[in-house]
Amino acid sequence: MPYTLSDAHHKLITSHLVDTDPEVDSIIKDEIERQKHSIDLIASENFTSTSVFDALGTPLSNKYSEGYPGARYYGGNEHIDRMEILCQQRALKAFHVTPDKWGVNVQTLSGSPANLQVYQAIMKPHERLMGLYLPDGGHLSHGYATENRKISAVSTYFESFPYRVNPETGIIDYDTLEKNAILYRPKVLVAGTSAYCRLIDYKRMREIADKCGAYLMVDMAHISGLIAAGVIPSPFEYADIVTTTTHKSLRGPRGAMIFFRRGVRSINPKTGKEVLYDLENPINFSVFPGHQGGPHNHTIAALATALKQAATPEFKEYQTQVLKNAKALESEFKNLGYRLVSNGTDSHMVLVSLREKGVDGARVEYICEKINIALNKNSIPGDKSALVPGGVRIGAPAMTTRGMGEEDFHRIVQYINKAVEFAQQVQQSLPKDACRLKDFKAKVDEGSDVLNTWKKEIYDWAGEYPLAV
């Protein structure tokens with residue numbers, strides 16, 4: 001049969017990006033160049049593998065598959081079902097749990113939606129949850145609100161009450177959390193963080209959840225790769241539900257997973273009968289059709305590939321080095337006289353206080369960007385406003401993926417220290433009536449030979465390390 005449409009149309013759909021859309025292709029190449037020649041210290045970022053990219057760019061993206069394996073709303077899903085089941089099996093294996101005790105949803109599209117989907121599955125509107133206070137290292141999706149405004153949609157749909165860290169130590173104040181939880185009686189206790197560098201005491205969290213009758217939900221988005229590798233403790237022994245993104249330390253595609261308990265939850269003290277978990281159907285229903293339509297099948301395939309990699313000895317070697325590199329950050333910052341929130345790290349990142357240096361995180365972030373270092377400004381305990389964050393968050397996973405070791409991370413800290421000193425000089429040079437952030441940026445944008453020199457050094461140095469594309 002002849003091809004009905006024109007040859008031009010055939011060429012349109014079969015030609016590569018460089019030929020059909022050079023403008024988009026050029027921007028992509030510019031971004032690859034930036035990644036190749038920059039030091040990426042964003043704690044939530046990583047560089048995924050070539051094989052994950054291979055899986056992402058496949059015709060699996062063409063297929064609609066609303067529903068779950070064996071129960072789809074469309075035909076033609078034989079191979080899509082195989083892929084999703086494989087991904088689920090690999091997810092359980094990667095985190096060392098078995099299907100008799102745990103199930104997993106791999107369709108959820110991202111971390112914050114995954115958390116909302118869990119809440120909606122097990123709570124009615126305006127029921128209560130508790131999560132770590134955002135400026136103390138928590139996350140928006142754990143119910144953040146200010147005195148005057150509900151910031152996260154979670155805090156709009158549900159009532160939230162934060163727990164805090166001890167302001168002296170920077171460690172979660174479990175005693176106060178327990179007292180407040182018993183009084184507040186949340187339906188869900190969230191154990192998870194986005195800028196907390198110490199290990200969470202999951203056993204204590206379980207005890208607190210039991211005392212107030214709450215589900216214990218662990219959000220391991222930042223540390224799931226470390227957990228899969230077995231280099232830090234796992235929450236699965238204690239949690240009822242575990243959520244994670246898939247693109248941070250796990251080093252997969254951008255996505256998320258929701259793990260949920262199966263089997264016996266408790267024994268009824270009056271009847272002696274087993275009380276079973278009822279999480280699987282509510283969570284799956286919350287994901288689809290509650291919040292989503294068709295899943296992203298190309299992402300599920302890429303996640304399956306990443307999970308296979310996460311079960312290898314090479315992945316454990318990588319995560320072990322991540323911890324070593326984070327400790328290298330800790331030691332070098334301390335040697336230079338910086339204060340670290342919680343006095344250090346047990347994980348993949350450090351949170352550096354800049355209050356003692358007389359500058360804030362936004363200014364240091366801006367200087368670092370000028371010299372090809374990507375990190376992020378971050379609130380620290382005691383900050384009065386998220387608009388003036390008192391610190392910077394610095395992570396090790398991305399540059400560890402590219403092959404950097406402890407000595408490289410010592411050198412990175414030296415450059416960050418130079419950026420802090422440069423920021424101090426710029427800020428001190430500004431008149432009192434023109435010292436806002438926009439004034440600071442304008443002054444920096446006037447140009448500096450020193451910044452240009454540092455940028456060239458980092459450009460060349462970062463370019464020595466491989467970048468998978």
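Note: Cβ is positioned from N, Cα and C throughout, glycine not excepted.
Look at Swiss-Prot and you will find LYS456 tagged as ubiquitin cross-link. Long-range C-beta contacts of LYS456 (ubiquitin cross-link), restricted to its own chain and to partners at least six residues apart, with a cutoff below 8 Å, are absent. LYS456 (ubiquitin cross-link) falls within a helix when secondary structure is assigned with DSSP.
What Swiss-Prot records for THR20 is phosphothreonine. Other Cβ atoms within 10 Å of the Cβ of THR20 (phosphothreonine) number 13 in total over all chains.
Sequence-distant contacts (6 or more apart, same chain, Cβ under 8 Å) of SER26 (phosphoserine) do not exist in this structure. Positions annotated as phosphoserine by Swiss-Prot, on the basis of a large-scale study or a structure entry: SER26 (among others).
A sphere of 10 angstroms centred on the C-beta of LYS248 (N6-(pyridoxal phosphate)lysine) encloses 27 other C-beta atoms. DSSP gives LYS248 (N6-(pyridoxal phosphate)lysine) a coil state; it is part of no helix or strand. The N6-(pyridoxal phosphate)lysine annotation in Swiss-Prot covers LYS248, and the record cites similarity to another entry as its basis.
The annotation phosphoserine is assigned in Swiss-Prot to SER429 (among others) on the grounds of a large-scale study or a structure entry. In three-state terms derived from DSSP, SER429 (phosphoserine) belongs to a helical segment. Listed in sequence order, the residues of the same chain lying 6 or more apart from SER429 (phosphoserine) and placing their CB within less than 8 Å of its CB are LYS443.
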Do you know offhand how many angstrom separate THR20 (phosphothreonine) and LYS248 (N6-(pyridoxal phosphate)lysine) by C-alpha? 32
